[in-house]
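Have a look at the structure below before the remarks.
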């Protein structure tokens with residue numbers, strides 16, 4: 001039984017390798033290779049852009065009768081990704097690049113065109129110098145003149161660098177900082193002066209206002225002192241016990257006048273009169289009526305004592321907290337308010 005993996009083959013004794021027929025392949029036959037687009041191109045058929053690095057399954061062949069220093073040149077066939085038109089390009093070993101043949105146009109080759117133009121101008125110049133000796137002299141004169149201009153420009157640049165090297169940039173920056181500092185100090189002094197002027201004007205105005213207010217209060221106090229003061233002896237509950245003069249509200253259909261009735265009298269009635277509660281009160285004997293004036297006298301005495309106590313309490317409160325309503329205290333409070341407002345405004349400005 002033979003082995004599955006054979007490393008050596010059996011050659012019979014009568015084996016003659018010269019009798020094996022050779023495979024004849026054409027020299028221009030094509031191979032399928034996998035490659036990437038070597039440059040940016042645009043299809044001439046549909047205008048599709050094909051960017052550098054895009055992969056294709058290309059056909060490769062050797063260009064016949066075209067060599068560069070013994071090196072063969074290869075041609076590649078690819079298809080457009082949109083319209084499937086055929087695009088061909090070949091190698092360019094002379095410029096170490098690829099050359100476009102047909103089917104597309106190469107993009108972004110401005111640098112290459114400039115190099116080709118410079119090379120063409122150099123070749124034309126060399127051809128002219130070979131046939132015309134005067135042209136050689138002219139070209140040499142132009143070259144020497146250009147060299148002198150380049151040397152002059154170089155010398156100017158050197159002098160400019162030396163002048164800039166002698167400049168003291170640190171000193172310039174220091175002087176600029178000092179100037180900026182002086183300007184800031186000047187602005188600060190002006191702001192302080194304006195603030196002081198504003199405070200002085202506001203203070204003078206407040207003093208004038210306080211003086212005028214004090215004069216008005218003095219005049220009003222003198223006028224009030226000339227008039228007799230009314231004793232404050234009434235209580236809030238005196239309305240229920242004292243007789244109030246009543247005015248006529250109108251007449252009824254019979255011509256009888258009706259007295260004005262207060263709101264509290266309509267709700268609970270008065271304490272001084274009988275009214276609606278008179279039927280519930282039992283009248284006493286005439287002997288009890290003799291002792292009625294004594295009760296009235298005691299009630300009036302108690303009311304006078306309470307009135308004196310109320311006046312004493314009011315005078316003590318006036319003596320204790322009366323300085324709050326004085327013009328000096330009012331002007332002082334106004335000045336404090338003005339200072340607070342100015343401080344808040346300057347704080348907003350400088351922040």
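Cβ atoms are placed via backbone N, Cα and C, with glycine included.
TrEMBL entries are annotated by machine, without manual review.
Model, not experiment: these values are computed from the prediction.
Per TrEMBL, Zn(2+) binding site is recorded for 43, 46, 80, 83. If you look up TrEMBL, you'll see 181-219 marked as compositional bias 'Basic and acidic residues'. Positions annotated as region 'Disordered' by TrEMBL: 181-259.
Secondary structure of the compositional bias 'Basic and acidic residues' (181-219) per DSSP (helix as H, G, I; strand as E, B; remaining residues coil): 39 helix, 0 strand, 0 coil. Residues 327-328, 330-331, 334-335, 338-339, 342, 346 of the same chain lie 6 or more positions beyond the ends of the compositional bias 'Basic and acidic residues' (181-219) yet place their CB under 8 Å from a CB of it. Summarising the environment of residue 83 (Zn(2+) binding site), the number of other Cβ atoms within 10 Å of its Cβ, over all protein chains shown, is 12. For residue 80 (Zn(2+) binding site), the count of additional Cβ atoms within 10 Å of its Cβ stands at 21 [all protein chains shown]. Each of 44, 45, 47, 48, 81, 82, 84, 85 belongs to the same chain as 43, 46, 80, 83, is absent from that list, and has a C-beta within 8 angstroms of the C-beta centroid marking the Zn(2+) site.
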